[in-house]
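See structure below.
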Amino acid sequence: MLKIIIPTIMLFPVIWYSNGNMIWINTTSYSLMISLMTLPLLNQTENNSNNFSLMFFSDSLSSPLLMLTVWLLPLMIMASQHHLTKEPLMRKKLYLSMLTFLQMFLIMTFTATELILFYILFEATLIPTLIIITRWGNQTERLNAGLYFLFYTLIGSLPLLVALIYVQNSLGSLNYLVMNMWSQDTSSLWSSNLLWLACIMAFMVKMPLYGLHLWLPKAHVEAPIAGSMVLAAVLLKLGGYGMLRLTMILNPTTKIMAYPFIMLCLWGMIMTSSICLRQTDLKSLIAYSSVSHMALVIVAILMQTPWSFMGATALMIAHGLTSSMLFCLANSNYERIHSRTMLLARGLQAFLPLMATWWLLASLTNLALPPFINLIGELFVIMASFSWSNLTIIMTGLNMLITALYSLYMLTMTQRGKFTYHIYNIKPSYTRENTLMSMHMLPLIMLTFNPKIIMGLTY
């Protein structure tokens, strides 16, 4: 594990010793090297667990998420170049250091064996994200967004700490590898339902569950591009990862407690998809679409069947790459037009034909077009929920329909139609941007050929 963590720590001297004209190329190439070094982790052993040490391990659930995290750092650095050009060198270095801190915390979160260590690192990811949003965001509302983000996450995860300390006292260990072999049943503890709620609530806020999702659109809209990318692609997956880890341990309570949450998610995903149809703000639309996709993941995790687990992990990885790509595209529009309103960005296909191709591909992956892994994930979840209750097919089917509607609405609003007169002198698309989009798209296409490496624990 140290072969990933130590190179990530060594990014700091690379950042601080680079001079102004080399800082981008140095950090991008170095972080790409780290992501290539992580690739062997995807090849899992027979017993499905690489126990590196007492502190860190990886299995087929954490290694795809780990890979997603390290793959995203070079992409975030590439996406941030344009809007940091006017900043002084010191601020550029600070910004890159924050991204590196975030990457380091995330790597350790996904591989921690001990639940308290996981909790500490889970909370530590909050600090760099908050600094990125409140320092480099575009509008003054970013402080409000940062406050929302901070309080929702902190208040959600305090009960988790209390519950973890209680479990530690009553059972003596919080190690994942030991907890799976528990002889004592959790339902014999004081009030297992409250314990379950306390453990799961932190991840529900992070996912976010419909009703606790109000921090997400605010944070996404106000964050700079790298903040939006890492928030959509990795930080939401932390919630899913924590839920997958804990619900397995908290059985059989999950089977009783899951009903209201499954109902809320099935209702919430239709609601948030419908909100997407009414959005004028491009980033806000993508943020709400994240909420509706993550609701499907919560449904899958709470159903506790092998198929739904496979669907949840596949959907998490697919959504990470897709939503990150959509935010990059929205940002490339914003850098040219200086507005997030879709009405002001009409008819861009005539000016940027290659960008229109990327827009089409991103919209199609977002609406789960076959053969992409988005569809594989969604189909697994829908089949699992259908066998749980036949009526869920109405909700999930309606959700797929509305998703297709707002994805195509987003595509036609930004690319087609009569262009507005203030975009005559916009810049062409740069090689950097096209490389960035292709590096989002390539993993999605490649995973289509071998989806089993992201199918998670049960495959």
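Including glycine, each Cβ sits where the backbone N, Cα and C put it.
Sequence annotations record features per position, and here Swiss-Prot assigns transmembrane segment to 20-42 (among others) based on sequence analysis. Same-chain residues lying 6+ beyond the ends of the transmembrane segment (20-42) with a Cβ under 8 Å from its Cβ atoms: 3-4, 7-8, 11, 14, 50, 58, 63-64, 66-67, 70-71, 73-74, 77-78, 81, 89, 92-93, 96, 103, 453.
According to Swiss-Prot, the feature transmembrane segment maps to 60-80 (among others).
If you look up Swiss-Prot, you'll see 92-112 (among others) marked as transmembrane segment.
Packing against the transmembrane segment (113-133) from elsewhere in the chain are residues 51, 54-57, 95, 98-99, 101-102, 105-106, 142, 145-146, 149-150, 153-154, 157, 160-161, 164-165, 167-168, 174-177, 179, 202, 219, 222-224, 226-227, 230-231, 235, 238, 242, 245: each is 6 or more residues past its ends and has a CB under 8 Å from a CB in it. Residues annotated as transmembrane segment in Swiss-Prot, with sequence analysis given as evidence: 113-133 (among others).
Annotation comment: Swiss-Prot describes 147-167 (among others) as transmembrane segment, evidence class sequence analysis.
The transmembrane segment annotation in Swiss-Prot covers 194-214 (among others).
Proximity of distant same-chain residues to the transmembrane segment (224-244), defined by a Cβ-Cβ separation under 8 Å and at least 6 residues beyond the stretch ends, is recorded for 61-62, 65, 68-69, 72, 75-77, 79-80, 83, 95, 99, 102, 106, 109-110, 118, 122, 125, 129, 132-133, 136-138, 200, 202-208, 216, 283, 286-287, 290, 294, 297-298, 301-302, 309, 312-313, 316, 319-321, 323-324, 327-328, 331, 456-457. Marked as transmembrane segment by Swiss-Prot: 224-244 (among others).
If you look up Swiss-Prot, you'll see 256-276 (among others) marked as transmembrane segment, on the strength of sequence analysis. Long-range Cβ contacts of the transmembrane segment (256-276) within its own chain (Cβ-Cβ under 8 Å, at least 6 residues beyond either end) map to 193, 196-197, 200, 204, 209-211, 213, 285, 288-289, 291-293, 295-296, 298-299, 302-304, 385, 388, 392, 395-396, 398-399, 402-403, 406.
Residues or ranges marked as transmembrane segment by Swiss-Prot: 284-303 (among others).
Annotated transmembrane segment per Swiss-Prot: 308-330 (among others), in sequence order. For the transmembrane segment (308-330), the residues of the chain that approach it from at least six positions outside its boundaries are 61, 64-65, 68, 72, 75, 79, 220, 225, 228-229, 232-234, 236-237, 240-241, 244, 282-283, 286, 289-290, 293-294, 296-297, 299-301, 340, 355, 358-359, 362-363, 365-366, 372-374, 376-385, 433, 436-437, 440-441, 443-444, 447, 451, 454-459, judged by C-beta separation under 8 angstroms.
Residues annotated as transmembrane segment in Swiss-Prot: 351-373 (among others).
Residues annotated as transmembrane segment in Swiss-Prot, with sequence analysis given as evidence: 391-411 (among others).
A Cβ distance under 8 Å defines the sequence-distant neighbours of the transmembrane segment (351-373), meaning residues of its chain 6+ beyond its ends; these are 289, 314, 317-318, 321-323, 325-326, 329, 332, 400, 403-404, 407-408, 410-411, 414-415, 419, 423, 426, 428-429, 433-434, 437, 440-441, 444-445, 447-448, 451, 454.
With a cut-off of 8 Å between Cβ atoms, the residues of this chain six or more beyond the transmembrane segment (284-303) that come close are 204, 207-210, 213, 216-217, 220-221, 232, 236, 239-240, 243-244, 247, 254, 258, 261-262, 265-266, 268-270, 272-273, 275-276, 309, 311-312, 315-316, 319, 323, 326-327, 330, 340, 342, 366, 378, 380-381, 384-385, 388, 392, 396, 399, 403, 406-407, 410.
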